[in-house]
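Peer 1: Dumping what TrEMBL says about this protein:
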- A:CYS93-A:CYS144: disulfide bond (DISULFID)
- A:CYS104-A:CYS127: disulfide bond (DISULFID)
- A:CYS110-A:CYS138: disulfide bond (DISULFID)
- A:ASN162: N-linked glycosylation site (CARBOHYD)
- A:THR164, A:LYS292: ATP binding site (BINDING)
- A:CYS199-A:CYS209: disulfide bond (DISULFID)
- A:CYS243-A:CYS252: disulfide bond (DISULFID)
Amino acid sequence: MMPPITFSHQWRRCDFCVCLSDHPQRYVFISQKAYQDSETHPDSSIYTLMKGTAVHGDDILDSVEYASPSEGGDVISTLLRRDITYDQKQGTCAEYYKVENANCSKDADCVPGEVDFNGHGRRTGKCIQYYNHTFKTCEIQSWCPIEEYAVVREPALVEAINFTVFIRNYIHFPKFKVLRGNIEDSLGKRRKRKYLNKCQYNEETDPYCPNFRLGYIASQARESFSELCRTGGVIGVFINWDCNLDLNPSYCKPTYSFRRLDVRKDEDNSGYYYRFAKYYSKNGVESRTLIKAYGIRLDIIVHGQAGKFSPIPTIISSVTAMTSVGICTIICDWIMLTFIDKNEVYSDRKFDEVIQEPADLIPTDLVHTELSYIGSFGSNHSDLSDGVPL
Amino acid sequence: MMPPITFSHQWRRCDFCVCLSDHPQRYVFISQKAYQDSETHPDSSIYTLMKGTAVHGDDILDSVEYASPSEGGDVISTLLRRDITYDQKQGTCAEYYKVENANCSKDADCVPGEVDFNGHGRRTGKCIQYYNHTFKTCEIQSWCPIEEYAVVREPALVEAINFTVFIRNYIHFPKFKVLRGNIEDSLGKRRKRKYLNKCQYNEETDPYCPNFRLGYIASQARESFSELCRTGGVIGVFINWDCNLDLNPSYCKPTYSFRRLDVRKDEDNSGYYYRFAKYYSKNGVESRTLIKAYGIRLDIIVHGQAGKFSPIPTIISSVTAMTSVGICTIICDWIMLTFIDKNEVYSDRKFDEVIQEPADLIPTDLVHTELSYIGSFGSNHSDLSDGVPL
Amino acid sequence: MMPPITFSHQWRRCDFCVCLSDHPQRYVFISQKAYQDSETHPDSSIYTLMKGTAVHGDDILDSVEYASPSEGGDVISTLLRRDITYDQKQGTCAEYYKVENANCSKDADCVPGEVDFNGHGRRTGKCIQYYNHTFKTCEIQSWCPIEEYAVVREPALVEAINFTVFIRNYIHFPKFKVLRGNIEDSLGKRRKRKYLNKCQYNEETDPYCPNFRLGYIASQARESFSELCRTGGVIGVFINWDCNLDLNPSYCKPTYSFRRLDVRKDEDNSGYYYRFAKYYSKNGVESRTLIKAYGIRLDIIVHGQAGKFSPIPTIISSVTAMTSVGICTIICDWIMLTFIDKNEVYSDRKFDEVIQEPADLIPTDLVHTELSYIGSFGSNHSDLSDGVPL
């Protein structure tokens, strides 16, 4: 008759409710799996390191060239393709012909001092030849020559599919004083070093290896690597810690998931690129190599929760009141229904059966025992960080 | 007689409480607007790109020069004014005269090897002329000449008021599987590209354009741009997502607000500047140009919450118990009052009226219907990210 | 008889429950310290600036050289020791002998075009002399010479123990409109400037000084500074704001704690280093100085919570119902027990005593007074940010 109902996680669940038959004035509420405490948003520390070498024509790119920023934080990007403009200098040259009002036939077409928002610099007022073409555009003061004209588009670093990123993550749940890291520590020291040097993360075969192949990350995020090389993209690496601290904390291990964070279907606005420059001094004149870098940016995002559930029956409360068994039944019904929520299906137990449990199963002194247990909460799991100051 | 009372959001609200008059043992609690579920702290991904050109004397500064870091994350700074020290080299020169004990008249006044914490280097033990002045200070081993003496203070980049920052933000509520972006997608593809190239965010006229003019940001944060050029400053760009998922998710759009994050009234400690250097090799000798950059740092901060509210009356629970109508009334009163909180004023309904609602309005089989509805929770809103792997 | 029980923070606590003896149908629930509202995860803004000078042989390192990134965000690292490889150029040279299959005796041992994942470049197919040694390894196309051969290991910057980091942190609780900063503002302006220039944070003597000596940070994190110079490390600087907004907000001051975030006992995987390069152009040929930097990375992590508690007794609710004193007692008992949680020990009060409190202490019109108090919630604390737009 009673439909399946569910219990709230935000309250201690009351699974039993017993009227002590010899003490009609005393009723006892019992929880079989009292939800004790939980914590989300652990403190998290990320360290990242890219590894791998790419060959580009006669050039070799190592991680110093393709990874940035260099400090190894929770956001790290790898260059996949470069549009390079060599040897720009401050000077005057022809504006890009697609910039508004840049085309001209005589100086009077160019307003001196004008700066177009989508242009590259300030117009000098001259109309000049567009580099080695036959048409003319307004001359500008700028970093010359302009990128659009002088850019050299390099092919993609296809080897980047085999680059790996080492991700070290430590989390700390302050409430539970639990510290965990994502690096396998069950192996011996020498075997571990060897393993960590060679291994590559795989959900099935190497779930605790912290080296992630870019190709694996892309495929897990269901992205084509060659497409990423073309447009760039931002991929989230989600590290998820879901720790049941009733178990030995060594069971608390992370799982990983991967998802593209810039929406691919919105072609014009997806992708990831950034520009930077290398500066040189040539005969006292500053010059720069401008690099427009398409790449993968990895955003390492950590989610965590830890909770303690006690599997031991716990007396939530006991009440002494001048009441009859009838009232007791009402209140027992009532407590069961107040703790209703939709998170967990409660269907196996009916109150009626429970109420028929022999009262002598719950001796009065159990109250004290169980409540002392609650009092010692927090001390039944030792800190994992032996020797590590927390 | 009953003062206005309010209901908690952390519990399903009980608006009705009905005693089935033909079944005095059965009472039913009904919620008219049951609070179902909510989520805060969505996953968020930010990409930023600065745009604009500034003229500084004979030099043109493009975003490669004035924006940093280059990788386009959730913190991006724009240089507004530079104090430049050209051509520093490792060597020996006179210490800044304001450094403690730097003034001297003879070598014996200078302790060789001493490093003053607020100074620029290690004292050699000589007392030398302070550059082209007539007084003397202790000689130090340092990057020479020192910044305080050789610095060239440039005027502010007033054009920076027209720089724009493109901010792309995607958020994801994992519990609801809802993915949203801040870029207008109701236009056709070509119109959209054109719009996004030209538009500038304005709360009134262009609330869904992701290009933010620095001048607009400053004025929204009630800051004077010329004052920011002088001292620098940190401004928070808050993107707020407040999503009622009972509506079509396309209604879930961000709002923006802007607030200075370093407190202006505390003059000595507000402001924002940083130093960096460009390195050169001149005839095999390393030299650098030291730049003290005052600027605006934008911290993009995302807040989000999503919730589902069901407007359909829902039976929270029904209880069968050996009880009389009198007890039923007490418990009905009681449930109304237990769900009290201060968030929402409950004043329109009195229990007494409610209890007089005809019992036949709530047929017993509704219990099953509504509870199945709860069971299918989470499936009545489809994922927005068609074609996008989540 | 009743064991100590505890009260939930997620609900308003009910300390009293009074049956009005002259109105047996009316019972009143009273909270003496109703938990009103709280907020966690404040908006936070961090600005960091390193200070100090280190002498390294004939070179002076200032913060531009040793701190990165330069923009002063919530993650800042300081170089403590450098492994420098000078003057690398793109070219061909001998592969590192420890790379797999790099040792050779004849050209046929070297597969042209092969790129070893742990190697430095692409093999040319030649077997050549390993620099100035007598054995041979395969020639590779790479940045030459390789780091392992040409590296110069510098001694640690022992002076770094006296470097300081200035940390400016402003937080904002949007719900309470409370803005707080970590910089002492009780001093006069001139004294303050002088104090802030000289002071160094110390929990006992200078708890509100925002300059943190690296040596102090390391010792508080129970780390040996010389060990950190050897391996590098990541240290969390935790800024904790715990604000009771019933008090004047000027009492809301941060406390700091320090903890190493990479686990020291896991030697192979702890530590902190990163590589970067300085690029030069020499006679038109690009060369670089490669730096492997061991250092301390500081992750500034802000925790905050604010809450308002009203110390004034508040009537949570009053109920009028057709009931007898006996039922009233049951419900009073019941409400006390429903609000049970383990966070706070409730032992000083017994219901029995409370119930004996004279009913005339709670006049009926108190209901209105107290509820109007609740209605004005949120306005009894003024915004701290006078003159600062929020």
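From the backbone N, Cα and C atoms, a Cβ is placed for every residue, glycine too.
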Peer 1: Which one is closest to A:CYS104 (disulfide bond) in space, judged by CA to CA distance, out of the recorded positions A:CYS93, A:CYS138, A:CYS209, A:LYS292?
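Peer 2: Out of the listed candidates, the nearest Cα belongs to A:CYS138.
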Peer 1: Fewest other C-beta atoms within 10 angstroms of its own C-beta: which of the disulfide-bonded residues A:CYS110, A:CYS144, A:CYS199, A:CYS209 fits that?
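Peer 2: A:CYS199, out of the disulfide-bonded residues A:CYS110, A:CYS144, A:CYS199, A:CYS209, has the fewest neighbouring Cβ atoms within 10 Å.
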Peer 1: Please name which of the disulfide-bonded residues listed here, A:CYS93, A:CYS199, A:CYS252, is nearest in space to A:THR164 (ATP binding site), Cα against Cα.
Peer 2: A:CYS199
Peer 1: For a quick check of packing: other C-beta atoms within 10 Å of the C-beta of A:CYS93 (disulfide bond), how many?
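Peer 2: Within a 10 Å radius of the Cβ of A:CYS93 (disulfide bond) lie 23 other Cβ atoms.
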Peer 1: Taking Cβ atoms only, which of the disulfide-bonded residues A:CYS138, A:CYS199, A:CYS209, A:CYS252 fall under 8 Å from chain C?
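Peer 2: From A:CYS138, A:CYS199, A:CYS209, A:CYS252, flagged as close to C: nothing.
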Peer 1: Can you tell me which of the recorded positions A:CYS93, A:CYS144, A:ASN162, A:CYS252 is spatially closest to A:CYS199 (disulfide bond)? Compare CA atoms only.
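Peer 2: That would be A:ASN162, the closest of A:CYS93, A:CYS144, A:ASN162, A:CYS252 to A:CYS199 (disulfide bond).
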Peer 1: Roughly how many Å lie between the Cα atoms of A:LYS292 (ATP binding site) and A:CYS144 (disulfide bond), rounded to a whole value?
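Peer 2: The separation of the Cα atoms works out to 16 Å.
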Peer 1: Round to a whole number and give the Cα-to-Cα distance in Å for the pair A:CYS243 (disulfide bond) and A:CYS110 (disulfide bond).
Peer 2: 67
Peer 1: What does DSSP assign A:CYS127 (disulfide bond), in three states?
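Peer 2: Reduced to three states, the DSSP call for A:CYS127 (disulfide bond) is strand.
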Peer 1: State which of the following disulfide-bonded residues has the fewest other Cβ atoms within 10 Å around its Cβ: A:CYS127, A:CYS243.
Peer 2: A:CYS127
Peer 1: If I restrict to non-local contacts, at least six residues apart, and a C-beta distance under 8 angstroms, what lies near A:CYS138 (disulfide bond) in its own chain?
Peer 2: A:ALA94, A:GLU95, A:ASN101, A:ALA102, A:CYS104, A:ASP109, A:CYS110, A:ARG123, A:THR124, A:LYS126, A:CYS127, A:ILE128
Peer 1: Where does A:ASN162 (N-linked glycosylation site) sit in DSSP terms: helix, strand, or coil?
Peer 2: helix
Peer 1: Can you grab the distance from A:CYS209 (disulfide bond) over to A:CYS252 (disulfide bond)? Cα atoms, rounded to a whole Å.
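Peer 2: About 15 Å separates the two Cα atoms.
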